[in-house]
Amino acid sequence: MEGSRRRRGDGCTIVQCYTPRRFVGRWLSGLRSSKGKRDAGEEQEDDTRRYQLAPIRCSTSLNQLVMQDNKQNCRLNKSKEPETNTFESQSRESPLEVGIGSFLLYLVVASKTELDKMTNLRMQMEMFLLNAKEQLQKKDTPMSSNEASGFQFSPQEFSNLASSIFQESSSSVLQEEYTEFEVSEPEDYRRGTDCNSKLQAEVGRLPLGEKAEDRQTKHQIQRQCKLKDNEVTKSHIPEMVVSDERYGVCPYELDKKLHELLETRQQEELVKLETALNRVERRLQEKETEVSWWKDAARLLAQRVPESSRSGLEWCNPDSSTCSERSVPRSYEACSIHRTSFSR
């Protein structure tokens, strides 16, 4: 409830707003003034009706009547004074009561709005707490399941862990065995070195055309020796078998199976290498027999050729470091430095 009053100043209008208390006070004062005027008019009418003058009969009676009227007026004034005092006190107290009532109404409305806000905040907080509890329960359920099961792992995780542990253990054991093998140098290792040296010597004796094949065989033989060394090292590895009832295969059993597979493959490769070695040995024997045949043929020819024809030839001694080349008949050829051979 608001009222306004306009005032005109220097070419502009100024609007003055009243407070609710002032507006209610002015409204109540207007009502009181109109009510007071009505009451005063009614009292005057009553007085005129009560105190109408009687017809004048004589002078003495007039004086008496005037005295009586004055007395009655004094009495009436005395009786009206407390009534006016009570009315003024009531008129002063009524705007205060109205203002207090309006203020109380305003407080009630404001408190209601605040209570509504508080209820909304309470509902929001309850929803937030419920969501937080649900999230915490969801996070705690996998941890509780792991604790209840005694930290059980899934099969995939266990297989990954087993493979990693197996690799680490196998690498450490192999390193230890290799170090022991290098320090001890068993007889198998020495035999392998002897084989390599013999093969190198035989390959040096072969002619130039067959050196490519001999290189391949040499490479295969070296691989064979390495595989034998690996077999020796694997024979020293301790076989440890640990049975696990929860899961299917133990890592040590897997290690054993892998070693068996490797051994079978290595044996197959060894068989192939042995066959290749046998072929090379056969070829070497054939070449040696051919060389011996050529030597025998040369001796026979030397015995049968007359001395006059042998004068033009100078034989190359295999023990001598140098060999002189001279004119040789077309049907014969001199050999290289280290051995002699003739071809027709």
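Including glycine, each Cβ sits where the backbone N, Cα and C put it.
A quick note: this is a predicted structure, and the numbers were derived from the prediction, not measured.
According to Swiss-Prot, of the residues S79, S145, S172, S324, S79 is the one noted as phosphoserine. According to Swiss-Prot, of the residues T86, T322, T86 is the one noted as phosphothreonine. What Swiss-Prot records as phosphoserine, among S144, S159, S309, is residue S309.
In Swiss-Prot, the annotation coiled coil applies to 262-297, one of the ranges 226-261, 262-297. According to Swiss-Prot, the listed position annotated as phosphoserine out of S91, S171, S311 is S91. Taking each of the modified residues T19, S94 in turn and counting other Cβ atoms within 10 Å of its Cβ gives the largest count for S94. A straight line from the CA of T19 (phosphothreonine) to the CA of S94 (phosphoserine) spans 17 Å.
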